[in-house]
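One structure is given below, encoded as structure tokens.
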Amino acid sequence: EAGEECDCGAPANPCCDAATCKLRPGAQCAEGDCCEQCRFVKEGTVCREAKGDWNDDSCTGQSADCPRNGF
């Protein structure tokens with residue numbers, strides 16, 4: 001939702017302040033295939049295995065989302 005940095009529905013998430021829906025100090029992310037322990041995983045980490053004609057999808061190191069790298 002607008003103004004939220006993370007999903008504050010789960011107070012157990014150590015990366016997200018459930019009261020404010022903002023990332024805790026020092027956290028880069030709260031969830032995602034490229035987020036681990038509140039930090040973006042390093043560039044080149046495979047986040048989705050190759051399928052058919054598609055190549056492995058790899059994290060960018062700049063986002064918690066796993067991008068579609070394509071062919």
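Cβ coordinates come from backbone N, Cα and C, glycine included.
In the three-state DSSP scheme, Cys6 (disulfide bond) is classed as coil. According to Swiss-Prot, the disulfide bond annotation covers Cys6-Cys21 (among others), on the basis of similarity to another entry.
Cys16 (disulfide bond) counts 25 other C-beta atoms within 10 Å of its own C-beta, drawing on all protein chains shown. Under DSSP, Cys16 (disulfide bond) is assigned to a strand (E or B) in the three-state scheme. Sequence annotations record features per position, and here Swiss-Prot assigns disulfide bond to Cys8-Cys16 (among others).
Under the heading disulfide bond, Swiss-Prot lists Cys15-Cys38 (among others). Sequence-distant contacts of Cys15 (disulfide bond), defined by Cβ-Cβ distance under 8 angstroms and a gap of at least six in the same chain, are Cys6, Leu23, Arg24, Ala27, Cys29, Ala30, Glu31, Cys35, Cys38.
Annotation comment: Swiss-Prot describes Cys29-Cys35 (among others) as disulfide bond. The Cβ neighbour count for Cys35 (disulfide bond), using a 10 Å radius over every protein chain in view, is 22.
Its own atom aside, the Cβ of Cys59 (disulfide bond) has 24 Cβ atoms within 10 angstroms in the protein chains shown. DSSP assigns Cys59 (disulfide bond) to coil in the three-state reduction, placing it in neither a helix nor a strand. The disulfide bond feature in Swiss-Prot is assigned to Cys34-Cys59 (among others); the stated evidence is similarity to another entry.
The disulfide bond annotation in Swiss-Prot covers Cys47-Cys66 (among others). Other C-beta atoms found within 10 angstroms of the C-beta of Cys47 (disulfide bond) number 19, with every protein chain shown included.
Annotated domain 'Disintegrin' per Swiss-Prot: 1-71, in sequence order.
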Per-residue pLDDT averaged over the domain 'Disintegrin' (1-71), given as an integer: 90
Packing count at Cys8 (disulfide bond) (other Cβ atoms within 10 Å of its Cβ): 17
Residue pair Cys21 (disulfide bond), Cys47 (disulfide bond) - Cα distance, angstrom, rounded: 25
C-beta crowding around Cys21 (disulfide bond), within 10 angstroms: 16
Those disulfide-bonded residues of Cys16, Cys34, Cys59 having Cα within 10 angstroms of Cys47 (disulfide bond): Cys34, Cys59
